[in-house]
């Protein structure tokens, strides 16, 4: 069955993205010291190398990890429900997926911006000097953004409008509602029932002959009286 959320998009948003996000969240929450130290090269800023050892730094980094975990849980729960229960309603499914991906796409751009803008220009122009965490943050987030935009533009998937022209509207779980009959329909129904009852009534030959015989005798007796 064709869907506005094909398997390749569904499994990317439902499994691949949450796995990557959870990995980043666990790295930040379990190893805040290493996360803070490996965010930037020692040559860029030496004074904050021990940020992850301080209480303030651990709070900031662990809160960042909890935000990553929240985003992963949202994708895991919402996309599964949307795919399972709304696959036969493409218009609603497309609106809900769009409502989820648009804010995430905006968050991707903001995440990249707040990561790169504080960097010195010399370091920004030298990606070869970036740390592995900085590379993962930028390129993974950029990949997620590109895939989201591809889905939003309808690349590699059918749209709800195109599916509505091919598939009939689903009546799954719907019951027909009886409409009240009009006066003319009731009149026709009564006439049909009356005609059917006349045809189905048994004949009464005894009563019919008995009623006609006295009339004939009365006429005959009346005629004999006139003759007399």
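Yeah, the Cβs are placed from backbone N, Cα and C, and that goes for glycine too.
Unlike curated records, TrEMBL annotations are generated automatically.
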Segment assigned the feature transmembrane segment in TrEMBL (from 35-57, 58-80): 58-80
100-120, 163-183 - the one TrEMBL records as transmembrane segment: 100-120
Surrounding residues of the transmembrane segment (12-31) on its own chain - C-beta under 8 Å, 6+ positions past either end: 52, 61-62, 64-69, 71-73, 75-76, 79-80, 83, 101, 136-137, 140, 144, 147
For the compositional bias 'Basic and acidic residues' (187-198), the number of residues DSSP places in helix, strand and coil: 12 helix, 0 strand, 0 coil
Contact set, same chain, for the transmembrane segment (132-155): CB under 8 Å, 6 or more residues outside the stretch: 9, 12-13, 17, 20, 24, 35, 38-40, 97-98, 101-102, 104-105, 108-109, 111-112, 115-116
